[in-house]
Amino acid sequence: MGIYFTTFVFPDDNDSGLCRYTHNVIQFIPGLYSMFFLLGLLGNSLVIWVVVFGTRLRNMTDMCLLNLAIADLLLVCSLPFLAYQAKDQWLFGDAMCKIVLGVYRIVFYSGIFFICLMSIDRYLAIVHAVYAMRARTLFFGRIAAAVTWTAGYLASFPEQRFITLQHDGNFCLSVSTSPEDDTNTHFWTVFSTFKMNILGLFVPLFIMVLCYSQIIWKLLGSHSSRKQTIRLVFLVLAVFFCCWVPYNIASFFKGLELLHIYTECKSSQAIALTLQVTEVIAYSHSCLNPILYVFAGEKFRKQLLRLIYRTPCVLCQAIKVFIPQEIVFGSTYSGSSRVSERTTTV
């Protein structure tokens, strides 16, 4: 059951009666969500561990990485609950319904906004390196993080106030506080659909393309072209595009359906199926972010290995045997490579 769309209930306008939906991928959702939960929990927890105890929050980049990992961690922690929701079996009561869906909506937008903030941070670090030394401090990073969380919270409205249990407590839904007012419910559903398209895709994609195109132009114009950085830039854009564009396209057609542009039952069923599939793909982005934004950088890999080597847990001691000591006891990076590492991690 899609968190945005199948949680809104509308009567079918066809003369033949209600259009029945077959949840084709429901049987696969619990397994996929469980996998995403485990991978996302491990990856994002490692990011938080490395940033807090390894790099120790030195600048805006570290603050962005930490908050993106927190947002993704909160999102993947909602997946076990959404697996039950997908089978129309909400077992956790009204309070957990409001908490889980409320937190989900906040971190959904906040995570995407932090990706935008990281794009701007990378743009400043590479294209305006001198100015960035003053602007990319930890102080400004904390302010930017607070503003981003606030923006994510505000973007989650008005859906936040519509979260409630429906149908004998089996569904955790976002519906109008006045269920008898179908017109009001319909308006807010259409509004939420296109709002997500704008704030969740078009604005972030515009910012990312604008920032990363300037980064590539700057690197190509330099004497030492950083091919690894350019490849990583394209990878970040490609993963974001592949994870979120299909879901937003499906949601756009759902919005058109709500506007009664698509009224055939088969079209409605096709849109519902597409939403189910693309929503699962979109959730995988929270598992990929740690790889794209942290562990693709050599500095963070070294910090992780050092933390594992120094942590006195049984598992860490077992892993320590396979860590080369030159990585642990050698310098993390030389004076010349320090600038390169700080300015090329995207």
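Each residue, glycine too, has its Cβ placed from N, Cα and C.
Any TrEMBL annotation is an automated prediction that lacks curation.
Taken from TrEMBL, the feature transmembrane segment applies to 32-53 (among others).
According to TrEMBL, the domain 'G-protein coupled receptors family 1 profile' annotation covers 43-293.
Annotated transmembrane segment per TrEMBL: 65-86 (among others), in sequence order.
The annotation transmembrane segment is assigned in TrEMBL to 106-125 (among others).
The transmembrane segment annotation in TrEMBL covers 137-155 (among others). With a cut-off of 8 Å between Cβ atoms, the residues of this chain six or more beyond the transmembrane segment (137-155) that come close are 57-64, 67, 71, 106-111, 113-114, 117, 195, 199.
Per TrEMBL, the feature transmembrane segment maps to 198-220 (among others).
Marked as transmembrane segment by TrEMBL: 232-250 (among others). Same-chain residues lying 6 or more positions outside the transmembrane segment (232-250) and placing a CB less than 8 Å from one of its CB atoms are 112, 115, 196-197, 200-201, 204-205, 208-209, 212, 215-216, 271, 274-275, 278-279, 281-282, 284-285, 288, 292-293, 296, 346.
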